[in-house]
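What follows is a single structure, written as structure tokens, with notes after it.
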Amino acid sequence: MGNKLFVLDLGEIRVDENFIIANSTFVTPQKPTVSSRLIDIPVSAYLIQCTNATILYDTGCHPECMGTNGRWPAQSQLNAPYIGASECNLPERLRQLDLSPDDISTVVLSHLHNDHAGCVEFFGKSRLIAHEDEFATAVRYFATGDHSSPYIVKDIEAWLATPRNWDLVGRDERERELAPGVNLLNFGTGHASGMLGLAVRLEKQPGFLLVSDACYTATNYGPPARRAGVLHDTIGYDRTVSHIRQYAESRSLTVLFGHDREQFASLIKSTDGFYE
């Protein structure tokens, strides 16, 4: 049996377009006043069913991220609110596939921001793969009580409340096979302190390269490549986008971007089918 890839729709986040494409709008002497544009970007996760493993790439936002008692700080809720019906949260999307978090053997976390690692706490029996530098960054925000970033202190507190099977990828480990046709890629620093991708080969088509926020959209990808508005390391980001292009083109893989509205709308969602 070959690999199957399910695309999980986990709702949307409403953001200033400049967060996604840097300098999307800017003032000039000729146009001293320019209005920014709000856009709704998809939040997603990907489930890969293999012969001997069930792998999840990212976990979306926590179901209780919003509201007066929500996980996210008030400023985060104002700046980039989450929008999603109850059926869009990750545990519910898994239930729709007759799965529970306990059925997931491995969770690959592209990075540990609020819209990608919000549901980590539900996976007490899974191996959790994260970049060692990204893990250290998240724990530092938790330890210092710093609520100013996309690393959510209340989420991290829940992760660390009980022992978990963390598998941290070192800086020098570039690639690792997780299952036949499924390879973990270490993109290193860029959008965040440590980004991980996933290459998934399929039987009926070449497959996909899942890159998450290492490259938000096709516009960021180019060519010419354009930087995102939220970056930890600009040089690392540029290097990563070039590496993604070389890796995908040399293997005929389709790049699935982190928050591309048009691309995501075109994909078959888990409620309607899968890729194989």
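Placement of Cβ uses the backbone N, Cα and C atoms for every residue, glycine included.
Taken from Swiss-Prot as is:
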{"type": "BINDING", "residues": "His111, His113, His191, Asp213", "note": "Zn(2+) 1 binding site"}
{"type": "BINDING", "residues": "His116, Asp213, His259", "note": "Zn(2+) 2 binding site"}
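All features noted in Swiss-Prot, drawn onto the structure.
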| residue | record | Cβ within 10 Å |
| --- | --- | --- |
| His111 | Zn(2+) 1 binding site | 30 |
| His113 | Zn(2+) 1 binding site | 23 |
| His116 | Zn(2+) 2 binding site | 25 |
| His191 | Zn(2+) 1 binding site | 27 |
| Asp213 | Zn(2+) 1 binding site | 26 |
| His259 | Zn(2+) 2 binding site | 25 |
* Asked: Within 8 Å of the centroid of the Cβ atoms of His116, Asp213, His259, which other residues of that chain place their own Cβ, given that this set defines the recorded Zn(2+) 2 site?
  -> Val43, Asp58, Ser110, His111, His113, Asp115, His191, Ser212, Tyr216, Gly258
* **For His259 (Zn(2+) 2 binding site), the one of His111, His113, His191, Asp213 that lies nearest, given that the binding-site residues are compared by Cα** => Asp213
* Provide the three-state secondary structure of Asp213 (Zn(2+) 1 binding site) computed with DSSP. => coil
* Structure fact -> Around the recorded Zn(2+) 1 site (His111, His113, His191, Asp213), other residues with Cβ within 8 Å of the Cβ centre, ordered by sequence, are Ser110, Leu112, His116, Pro150, Ala192, Met195, Ser212, Ala214, Val230, Gly258
